[in-house]
2 protein chains.
Amino acid sequence: MITLKGAAVSAKIRVEVTELLHGLSGAAPKLAIVRVGERPDDMSYERGALKKMENFGLQAESFSFPADISDEAFQKEFRRINDNPEIEGILLLRPLPKQINEREIERMIDPDKDLDGISPENIARVFAGEAEGFAPCTAEAVIEVLKANDIDMCGKRAAIVGRSMVVGRPLSMLLLKENATVTICHTRTKELEKTCQDAQILIAAAGKAKMIDASFVGADAVVIDVGINVDNDGKLCGDVDFDSLDGIASMATPVPGGVGTVTTAVLAKHLVMAAKKHRSS
Amino acid sequence: MITLKGAAVSAKIRVEVTELLHGLSGAAPKLAIVRVGERPDDMSYERGALKKMENFGLQAESFSFPADISDEAFQKEFRRINDNPEIEGILLLRPLPKQINEREIERMIDPDKDLDGISPENIARVFAGEAEGFAPCTAEAVIEVLKANDIDMCGKRAAIVGRSMVVGRPLSMLLLKENATVTICHTRTKELEKTCQDAQILIAAAGKAKMIDASFVGADAVVIDVGINVDNDGKLCGDVDFDSLDGIASMATPVPGGVGTVTTAVLAKHLVMAAKKHRSS
């Protein structure tokens, strides 16, 4: 079984980003990372994103707010970031605390700065399979991993376990755009093992530690693990029991070291694309 | 094989519409049907919709424009219809002629009047599986046919042939909302017959006359035909070779007399729902 490492994919995206940057005049594009509260997941992702932007020659600024900020105050702060012409892309860490009307923010964010595809405008574009617009970075990272490893998707049976708005749903549309035959599975799916076994490309995005083991995987399948969980020993692990797939799957992504690092590379690519559009308009 | 007739489903929806109407004060809700040019398909659908609205005790008005109307003139006319408070729902017959920027119209239409789900706002809601918002009427008509005939979707394997924005894509999300395991097939799908055979609920929305015959259908499957085509003899037919399924499928919708008549019933239901929201706001 070949291990599909995220670092190699991220390096390829870095080359693309560097090329795009050469075509841009002016300062390096700037990302705003907006965080409310101090959830460890958010802070870990924020650190990774900041590091990646620096590594890719891009600017990033963190905007953090107390967990108990009022809806009104946050809307005002977010509007200010959204309207700032020096900020060409925004990453909003979610979910937001309950007192904040997240839907209002999704509708407020400038679709051209909405690098993680949370606005209706970008969602509709992903759904329609359009070339323009930004898909959620994690969903797109899966496509980048497949493409970077020359895994043809056209006509292939792809199964996704999980139907979230962050991965499962948008990924189904991105795979469809690549002409895969797409099956969306979830907690209510009957005979999940059988359905997964039938897939040539299997994507685990269920958010359940090591739930996908060898019994779910068909011979020579490509397995992409989007999960980020903590196992019983407190160690980071994916939705896939990676070691169990050896001798069955043809290729699989590890966790950590797989899709995660590609996600922030996609974020960087989106930022440069946003800057390019912004500066040419 | 049981024939699932659209008329029975439409009659059930009529009861719902009548109940909703009883809760409304004021004039009967009014639909605007907007048509550019005189394509026979559009005119046939328009006649059907006008008749259905009348039959359901609703108002409808046709707004038709010449096929060569300028983009600017059409945008102006559409805005007037969109802004008219007496019009509580709009059906825009599409596709529009090439000189008209359809995307602008999709972004202009008031999501609360957008009964056929063409605005980004409604698309995003359907994609997210939210309770609010309007799905395209044809996609929702399929769900209505299944529900009216007590066909449980939860955990079932559903396959859709076709990935259009009018049926395939939104229907995949509506089936997901009902907890089906959904597979989306299309022209690039390999082993289409095998994939379709595996489905407990098979939906044909490919737009190709009689392409789905017995060889695509598993034992006891429920087959829903969304196609409206004209066969070699000039007769209306679906995507399914209905007669060939006898003894294999458990139930199937005919064409004509199947999903089509339910589509306009869903349109009527959406109109009353829109009016209810409009009048209570």
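Note that Cβ sites are derived from N, Cα and C of the backbone, with glycine treated the same way.
Here is what TrEMBL records for this protein:
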type	residues	note
DOMAIN	A:4-116	domain 'Tetrahydrofolate dehydrogenase/cyclohydrolase catalytic'
DOMAIN	A:136-278	domain 'Tetrahydrofolate dehydrogenase/cyclohydrolase NAD(P)-binding'
BINDING	A:GLY162, A:ARG163, A:SER164, A:ILE228	NADP(+) binding site
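Proximity to chain B, taken as a Cβ less than 8 Å from one of its Cβ atoms, holds for A:ARG163 among the binding-site residues A:GLY162, A:ARG163, A:SER164, A:ILE228. Here the Cβ of A:ARG163 (NADP(+) binding site) has 24 other Cβ atoms within 10 Å, regardless of which shown protein chain they belong to. Within the domain 'Tetrahydrofolate dehydrogenase/cyclohydrolase NAD(P)-binding' (A:136-278), the DSSP-based counts of helix, strand and coil residues read 55 helix, 26 strand, 62 coil. The local packing around A:GLY162 (NADP(+) binding site), expressed as other Cβ atoms within 10 Å of its Cβ over all shown chains, amounts to 22.
DSSP assignment over the domain 'Tetrahydrofolate dehydrogenase/cyclohydrolase catalytic' (A:4-116) gives 53 helix, 19 strand, 41 coil. Annotation for A:ILE228 (NADP(+) binding site): same-chain Cβ neighbours under 8 Å, separated by at least 6 residues, are A:LEU236, A:GLY238, A:VAL255, A:PRO256, A:GLY260.
In sequence order, A:ALA205, A:GLY207 constitute the residues six or more apart from A:SER164 (NADP(+) binding site) in its chain with CB-CB distances below 8 Å.
For the binding site of NADP(+), formed by A:GLY162, A:ARG163, A:SER164, A:ILE228 according to the record, the largest Cα to Cα distance is 16 Å, rounded to a whole number.
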